[in-house]
Every structure is written in C-alpha cells, then in structure tokens.
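What follows is a single structure, written as structure tokens, with notes after it.
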Amino acid sequence: MKYFRYALLLAATLSISFIYSNRVAFSITVLCQKEQYKTTENYYLLDKTAEKWMFTITALGMFVGPIPLYFVYKLDTRILIIFYATLAFLSCALFPLADSFGFMPALFCRFLSGVAQAVQLNFINEVAQRWAPEAEISLFVAVLLATAHFGPLFIMIFGGEMCESSWFGWEWTYYFLAILIFSSTAVFIILYTDEVHMNRFVEGDEKKLILAGKQPEKEKPSVPWRPLLEDPTIWAIIILFCGFYFGMIIYQQYSPIFFREVLHFPVRSSGYFAAIPMIFAIIVKVIVAKMIDSDPFQIGKSWSLALPLVILEFVSSVLIILAGILIEARHAVLILDMAFASIHFFVPIITSRAFQIRAGPTAHFAINISVVLSSIVHILIPFLVDFVAPNNTKQEWATMFFIVAFVILITTGIYLFFSDLKPAPWLGRLETVTPPIYMSHRKDLPCEKEPKMRSGSDKVCYSYFVMSPVTLLAVSLLIYLLFKHFKKRSEYPKGPIPIPLFGNLPEIFAVASATGGIVPAFNHFKKKYGRVFTLWIGPIPTVHICDYELAFETMTTRGAEFGTRSLPGVLNDIRFGRGVLASNGEFWMEHRRFALFTLRNFGVGRNVMERRIMDEVHQRFTYLNEKNVRIKDNSVDVVKFFDLLVGSIINSMLFSERFEANDKTFAELKRLLDESLQEFNLLDLFAPMWLMKSPLLRWRYNCLMGPFHGIVNVVKRQIAARVEEIEQGRHVIADDPDDFVDAYLLKMQKNKENGEESSTFDLENLSIDLLDLWIAGQETTTTTLVWATVLLLNHPKEEERVRRELLSVTGGRDLSLSDRSATPNLNALIAEVQRIASILNINLLRCVNKDTTIDGQPLAAGTVVTAQLSAIHTDETLFEDSHEFKPSRFLKNPKLEPKLIPFGIGKRVCLGESLARAELYLILGNLLLRYRLKPEGALPSTKETSPFGMMKRPMKCRAFFEPIPADFQ
C-alpha cells in the first residue's frame, strides 16, 4: 500500500516538476531563437549579452520568489501552489508572444518564471514533513526531488524536437509546457491536502482516532531567528546547497548551449544529451536515499548523510576536472559532462534531510535562506560565465569546469567540518510546533482491512483511492465536453487540432512568429490543409478561403449563402448592426443601394468625383511648389502628405469641405484613427464584449474603441453644423446634391414627405454611414499610396518607365480618367502596388446562413467564413515570385488582373471602389508627371509595421519630391 501512496504523491507533485522545468526551457529554446533571428528581422538580437540578462532576470525572480512563502503556515499549501503555478503558466503561455514584441516583455516573462521556482524546495519540505514515514523520509524526499528532474528531462527532449520541427518551432515548447503546468496542478489540487485527518486515504477507524486527538495547528511558529542564524550547522548546510546549486545551474542552464555552440552538436542532439543525466540523477537519488534511511554500515545519522556526500561529490569533481583536461576530445567531454551531472544532482537529498534533522518544524525558514542565497549565486553566474567564457571557446569552458570542481570541493569540505547533525538545542523553546504526522496516540491503531505500513513502532492503515462523486462528476463532464468539442470539428473543413478554450490561437501565433506574420501563417496552413481550412479562434471556428477560384465560387456564384456580414466583438460596438459595413438584411440593402447610387452619381455625367480629386491634387502640388521656392525644401513626410490629400478628398465628397494643412478637425480625426487601427489584432476581433468591458480589459476596450467614439463625435458635430445652417437658411440643399450629407438629408426629407415614418434614414444612422465611408475611404487609399511611394523609391526604373508613358500620352497636361486605356504601364503599376500592399492582413468576416458545403467539405449554418485576400494575392500558383515587385506580370498576362481583388469579392465588395480607383489613378499618375521621387537618406523599408495586426501598414518614411522642369514634361 505504501508504494501506491508514493505513486499518488509523485503524480500530485509533477506540477512542481513542470513549474521548475520552465526555467530550463529557455536553455534549449535559446538555440532555436538564435538560429531563427539570423534569418529574420526581430525587435532585438539574442546575442550573448541578451542571453545573459535573460538568465539573470530569471535568477532575480527566484530571489523575490520566497517572499509569499512567509505565509506557508497561514495558507493551505494548495493555495500557494496555485499562486506559483499561475505565474509559471503565464510566463510559459506569454513568453513566445512577448518575445515577438521586444526584449523587455520577454524579460518580464522570464522574471515570472524565476519567481515560480521558489516553491520547489519549500513545497517538497512541506509534503515530506506532513506525509513522509519517519523510517523512510530520505527516500520520500528523493522521490519528490526526482520530479524536479522529470520536467527538465522531458522539456530538454521535447524542446529539441520542437526546435527542429518544420511545423511547430520553439514556441510550442512553451505552449505545451503551459498545458502541462495547468493540468498537473489540477491533479495536485484534487489529490493533496495539508490535513492528515482530512486525507481520503485514511481508514474510517483511524480517522476517528485522529479526530479524537490533537489536530495539527495552523498557527505560525515562533522562530528563534538569532539562534537559527548563529547556528554553524545551518550555515554549513546552506553553503553546501549553494555549492550544489552552482554546479547544477552551470549544467542545466548552459549545457545545451555548450553542446551546441562549443561541441557543435545539432540542437535536437543537444537537448537529448542535456536530458540523459536527469535519468541517472533519479536513480542515484533513490539509491543514496535508501542508504541514508537504512544506515547499512551502522555509522549514525550524521555519517549516513556525510559518507555518500563525500564519495559522490569527490567523484563528480574528478569527472568535471577530467572534462576540462580533455576539452579537445569532443565525445569524451560530452560523456564526462553528463556523468558529472548524473552524480552531482543527488545533493538536495542531503540538504533537505539535514535541514529537517537540525531545524525540525522550522526547516522551511532555513530552506528559504538557502533559496535566497542560491538565487544570489544564480544572479552572479551569467556574469561569471560571461567573464570566463565570453567567446564560448573550449579553453574558456575548461577553465569554467575547473572553477565548478573547486567550488564543489570547498563547499563539501565546509559542510563536513562544521556540521553537527542532531536536533538544534533551541527547538524545544518554540512557542508553537506543528505536531508530526505520526503521533503517539496512533500506536494502538487497529488494522484489519488493509495491509500495514510500519514506521518504526507505529502502524498506519490506508485504503486505495476511491474517486469522490464530485470528482467523478467533474471528470465525466470534462470527458463529455472534450468529446463534444472534437466531434464538432467534423462539421467544418479540416484544419489544425484545436485546444479546448484556446482553440488554435497558440499554433497561429507560433506559426506567425516562425514565418514572419499572419499572412505567411495563412499560406502555411493552406499548404498543409488545402485551399480552405478551419482555424478556431478560442472556441469560435472560422473558415478561411485562400484560393481565388473557390472564393469566386462561394462569394459570387453562391453569394446569397455567403453574403451575411459577421462583425463580432468591438467592431460592432458602435454600429450595433447599422451602417454600410456591419448591417444585414433590408437595412443593408437600402443603405448600400443609396450610397452606391450617390457615389456613382458623382462620377457619371456630372464628373464631380474627378473634379474634386483634381482640385485637391492641384492644391497640394501648389503647396509643394511654393514651399520649394520659399525655403528650398522639397522633402515630404509621405504619410502626412497623402493623409491630408486623401482626407480632404473624402471630406469634400461627404461634406463639400476640404481640409487645410493645419486643420484641427482633420488632425483629430486622423490621430484617433491611427491610434485605433495600430492596435487591432486577431484576438480583438473575437473577444466578447462582456470581457472587453470588464474591469480586466476595460483599458483595452478604451484603447481600441475610444478613438472610434471620438471619430463619431467629430462626425456628429459636422452633421449638427450642417443641419443648423439649413435651419438658419445659410445652406440650401439642391435637387442635385453635391455631397453625400446633402443627398442623405434630401432622402430623409423625401421619406418624411412620403409618410415613411419607419424609415431607417435618420441622423443617427447618417453618422454611422459616414463613419464607415470615412474610415474605408481614408485609410485604405492613403495606405496604398504610401506603399506605392515606398515601392517606387526602391524601384526607380519602374518609376521612369511609367513617367515616359505618361509624358507621351499627355504631352504635359493633367492626366484624366479618360486616359486609362492609353496607360497600360500605369495601370499595371497600380495593380501590382495593390497586390503587394493587400491592406487587410485579416479580411472582414461573413457567415453562412444555412448548412452547406465548401470545396466538398461540410459547413454548418452560422459558421464564420472569409476569403483571405492577402493570401490569395500571394498565391504562387497565380502570382509567381509573389514577394517581388513586378508590374510587368500584369502586362504579360492580362488574365491576372481579374484575379486581383483588393476591394473584396461578391455582394460585399467595397462600395467605394470607384472612388478609390479614381484617386489612385489620378493622384499617382499626376504625381509622377510632375515630380521625381528620391529617398531622404536610406531606402525606406518594405517591411510592414505590424505583421500580426489587422492592417498591413508601411513604415513611416520621408522622401524628396523633386519638381520636373517644364521642358521635360
């Protein structure tokens, strides 16, 4: 029965093992990160200095970690383990994401992992004191300490495999470890209890006897700090532990790096080599523990601890010295290094048992001191390694090995000379002492039903574990939910296996980090699962179409089935199903039909659209020319230039008002829009509103939606001003309106005259329609023009080719929309810019309104579905060398242009398409006619600002717009 008890407690304490292995994970994954960052741009380079600070901040966390353990006698052990497990879980789950955002977030995650490590030794001490049989307490501790090797053993192997995996990458080491921490902690909470009399393994008769006696007290013991700190034995044990810790950290933290960068083994092999000693360490621990408990040579408690210590530490020192001497013999060093670690890792058994003997029920205070001091050692180790082995050469590491051997021998000698392993004299003066688990009143315990386990003269009876009804119900419910979750996958196209609650989010971010962004991640999933696949965003399945033919077939041919807009989360917060973007049904048909009719009316016959675009182009060109004459400066902030130009065009179409360079209204609108769009990502699209508005994420909601509320308020002020002008007779609406607001107000007036009281055309809905039109018309066109400038600055030959064509067509006059058929080079240039730019990394979503199929695979009604335009535009089967800027592809193959769908496809195609196409043609064409583009400084980067964001936005840049003399026009 006792072996069942050991197995049960071993399973419960696996949570400690996985918490501990979080610190080790970085030692193997850092090798993969270094390889990855050699070929991809990242916010920081993981060089030796960054690596040093990663290790140091982890040690700093370990220094801080023991502080909450002060409450170990005030709180249940389970509460403490939940606290530390939560920190470990967060540090694992967030580290790959934090790593993508910069060095400081990654450092913070490593700090959390360090804080979580502090629970290990204290937890093992608590469990041993409460549950260990006195006659086998060292073996009990050894079994518990063995779990501290199982986690690192697993993570070294798993991390090496993930690093070499072409599908996953190093990030999955952390994601899987987070899952293990979560699940093993849940097992611990179910199985473990601090109270002996509450233990479910105790027999009924035994429980009655225990309850009749004195119960374990939960009061904090009064610790004689001065005698404790003045005790030479305590300090000898602490110094021994620090010496062990020094050698252990050198191995666990640096062995994968040493095997990879000094001995030049592959990453996968380095993980296996670093893990092998963990297996032998478990075996050595058990053997040494049995020797300590049984005292086979009858030499007493003190020497039963000292003898194995002397023998094994001497052997481990010899091995590491030999490794330094034979440093040039690659395989010999490997074997000696692993043998050293296998033997050296037994020391915690000695220190834990020695603390228990000397300090009794206050051993955890002594352990906390050793944890704090060893954390200081840990903090100093990265600096020592950086000092001794700055270049990671073999000779430098040979010196490091000699230092390790010297430290081990010195600390072992101090322990042997100063230690006196018997209970400290001050133990009897404690005001409150937690009674041991084996109490005197249990000697006459009847044991009739179960086999007996003896601890000295005491008898203890235990029953096999029988699951409680609550636990059984919880497990059954969990199994049912898991079954239902995975069965639901059959209703959707194939895709990666989702994790309950988290869905495919960990894998999406892992693949996106490995491939360089969300669009390459979509292409990765397309190669693996086909042209349509399902990704679970948390618990929500979303179907992604990454093929043009399939997108056309679903969104156009079967548009009635796939035409419903799905606008979850924050995007629908202000709209509430209104506007031309988020609405459905009759409301959408009415407002879209009106907007399309109005915008087309501006462009056809009356030519209002082209006139207003050219008015703004002339205004901006005049400003540039005057600036050049006045201060001899033709440098331009490209983003601000196109922002004002396009924004003024949009506002003139909506309100018949243009923006000046210092217009405060426009500056406020653009600032708000930039703040919001810069922050949006995949998670924000699907986060439920109750969560976004909760105190936990209210800050995020304000960050994302605050700017949109600000834009709506600005729009409402402009509407109110127009209505006031009409009421006061200062503005008269013509029968043929010149702007969208007048056309809308005229529509409202006619509806009222016709008695249509239930009409959806009102001032509130006007503000939402204007919001959609302003955002869609402003941001997409501006961003495309900035991308065009960036690409032309990097490809001046394309610029000159288009300019020659324009000069031959126009003879120097303004370019007009009627010239389109005569400018194939400009048309091809604009098409290629739109393909490369592909403004939406993540396209807006739709949902299916009935059960159907897609590409022969089932699709349930209500499923969120979208055609990922960016993935289609980088489809190598359509656009060869898709990452290269080649306008000529559209000249060589005219059939490509219909497959370019920057404005969407099907019924939901962008209603501002005609305006946007006119703006791109007239602005870019006339700009190239009058100015030659030159970079200000280095060529601008073609990388986007946020590969994981919703929009693909270029880096900010400045350029020279050099006027072309009239003689050359």
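Using N, Cα and C of the backbone, Cβ positions are placed for all residues, glycine too.
Small disclaimer: the values here were computed from a predicted structure and weren't measured.
DSSP assigns C910 (heme binding site) to coil in the three-state reduction, placing it in neither a helix nor a strand. Counting every protein chain shown, 17 other Cβ atoms lie within 10 Å of the Cβ of C910 (heme binding site). Feature annotation from TrEMBL assigns heme binding site to C910.
According to TrEMBL, the transmembrane segment annotation covers 53-72 (among others).
For 79-97 (among others), the entry in TrEMBL reads transmembrane segment.
If you look up TrEMBL, you'll see 103-125 (among others) marked as transmembrane segment.
According to TrEMBL, the feature transmembrane segment maps to 137-160 (among others).
The transmembrane segment feature in TrEMBL is assigned to 172-192 (among others).
Within its own chain, the transmembrane segment (234-251) is flanked in space by residues 228, 274, 277, 309, 316, 320, 337, 340-341, 344-345, 347-348, 350-351, 354-355, 358-359, 366, 369-370, 373-374, 377-378, 381, 385, 400, 404, 407-408, 410-412, 414-415, 417-419, 424, which lie at least six positions past its ends and keep a Cβ under 8 Å from the stretch. Feature annotation from TrEMBL assigns transmembrane segment to 234-251 (among others).
For 271-292 (among others), the entry in TrEMBL reads transmembrane segment.
The transmembrane segment annotation in TrEMBL covers 304-327 (among others).
According to TrEMBL, the transmembrane segment annotation covers 333-351 (among others).
If you look up TrEMBL, you'll see 363-385 (among others) marked as transmembrane segment.
Among residues of the same chain six or more beyond the transmembrane segment (397-418), those with a C-beta under 8 A of the stretch's C-beta atoms are 232-233, 235-237, 239-240, 242-244, 246-247, 250, 258, 262, 306, 309-310, 313-314, 316-318, 320-321, 323-325, 327, 344, 384-385, 388-389. Marked as transmembrane segment by TrEMBL: 397-418 (among others).
Among the features that TrEMBL reports, transmembrane segment is placed at 462-483 (among others).
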